[in-house]
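Quick notes on the structure that follows.
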Amino acid sequence: MNQNVVIIGTQWGDEGKGKIVDWLTERCQAVVRFQGGHNAGHTLVIGARKTILHLIPSGILRADVSCFIGNGVVLDPLALFSELDELRPVVPDAQERLFISDACPLILPYHKSLDRAREQAMGAAKIGTTGRGIGPAYEDKVRRRALRVADLFHRERFAAKLAEALDYHNFVLQHYFKREPENFHAILEQYLELADGLAPMVVDVSVRLARLQAEGARILFEGAQGTLLDVDHGTYPFVTSSNTVAGGASAGSGVGPADLGYVLGITKAYTTRVGAGPFPTELFDETGVFLAERGAEVGATTGRARRCGWFDAVALRAACRVNGVTGLCITKLDVLDGLAEIRVAVGYRVNGVVQEELPGGAEALAACEPIYESFPGWSESTAGVRHWADLPQAARCYLEAIAERAERPLAIISTGPDRDDTILRTEIL
């Protein structure tokens with residue numbers, strides 16, 4: 001069995017990764033977030049209780065599991081403490097089991113102001129950002145202008161770096177976007193006060209994870225967003241600002257690639273997307289409405305309605321390739337219950353020419369017309385089914401067809417939001 005597993009979304013995010021992380025964590029000792037920030041939205045349902053996590057790893061709901069926020073994550077301390085406060089009635093020891101890399105870049109107030117100002121200025125061409133400062137924080141990291149968690153514990157160093165960064169960003173806010181500048185002293189005092197609360201959680205995540213591995217612990221790497229939102233491999237420029245693919249797990253945690261283990265690709269039984277960007281299989285008819293309503297397709301972070309469409313096997317195959325996916329997990333199968341016909345995009349037609357590979361970039365994808373293969377639906381309910389043999393024959397055929405198109409084995413099927421509404425086809429851990 002594999003010692004570690006990487007959980008990756010293979011679509012545009014919202015694939016149901018949080019539930020699967022929570023379910024698999026029963027067999028793990030640590031969970032690691034390695035990219036993104038509090039723009040993620042992982043919804044977990046346990047019994048009658050629903051918990052939505054944005055920054056803290058989903059393994060926090062399992063007792064005795066250590067949770068890590070790796071160096072690849074951009075950290076908003078205010079959002080972190082807010083989430084911890086919300087968790088406290090349910091997970092009173094969350095702060096004691098959470099560890100944060102000292103190398104995490106900080107999201108500061110000017111990042112949020114810039115994010116919102118930039119999005120508003122783009123008008124109809126806007127990307128659909130969450131407005132939480134994620135993109136500007138990553139820009140500062142690449143520009144080597146970022147303030148990191150470690151800087152919080154050195155007042156003079158933090159103040160000097162803040163002054164330099166703020167001088168630049170306030171100029172942009174005032175003279176380009178015509179916005180009010182951010183206040184240096186207010187930011188300095190507010191964030192230095194947060195340092196005491198952060199201090200017990202700050203560690204060298206790479207070293208801690210290496211020690212856990214040496215002790216035989218199983219580590220789960222929790223991806224946020226999805227492959228098609230990857231800054232390099234996604235539908236650029238309608239992407240997030242980090243590497244959401246499996247390779248990001250190594251760079252964003254300090255664990256070597258050879259130690260990542262099994263790569264589990266999570267995909268919905270249909271396709272959704274939040275925000276702008278091309279979406280070849282998007283539905284604008286009553287079936288699209290059916291999927292949105294039955295699937296409760298509203299973003300956990302933004303509250304925006306998700307766009308819905310048929311399953312795209314071309315995109316899945318590309319995601320499996322760039323992630324090195326070992327096995328597939330298909331979620332929300334129960335949403336398709338009752339449809340007479342289900343379609344899967346198996347290729348694209350571009351200017352009359354058939355192609356079977358996902359094109360790079362948004363412009364090329366926008367020109368693609370999907371070529372569909374049809375499958376019979378099923379009238380029986382799959383909600384809550386926990387054994388493969390209990391699924392309708394048509395549902396099994398549909399799932400097997402997806403796996404065949406992806407050239408990957410079926411590992412897990414999710415048939416509902418509860419952690420136990422799950423079918424295991426292949427042992428992972």
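Glycine too: its Cβ is placed from the backbone N, Cα and C atoms.
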* Listed co-binder of IMP (same site as ASP14, GLU15, GLY16, LYS17, ASN39, ALA40, GLY41, HIS42, ARG144, GLN225, THR240, ARG304, source Swiss-Prot) among THR51, THR129, THR130 -> THR130
* **Other CB atoms, at most 10 A from the CB of GLY13 (GTP binding site)** => 28
* Asked: Where does GLY41 (Mg(2+) binding site) sit in the DSSP three-state scheme?
  -> coil
* **ARG304 (IMP binding site) and LYS19 (GTP binding site), Cα-Cα, nearest whole angstrom** => 20
* Looking only at Cβ atoms, how many others are within 10 Å of the one on GLY303 (substrate binding site)? -> 8
* Other CB atoms within 10 A, centred on ASP14 (Mg(2+) binding site) -> 29
* LYS19, HIS42, ARG304, ARG306: which of these recorded positions has the sparsest Cβ neighbourhood within 10 Å? -> ARG304
* Asked: Counting Cβ atoms within 10 Å across all protein chains shown, which of the binding-site residues ALA305, LEU333 comes out on top?
  -> LEU333
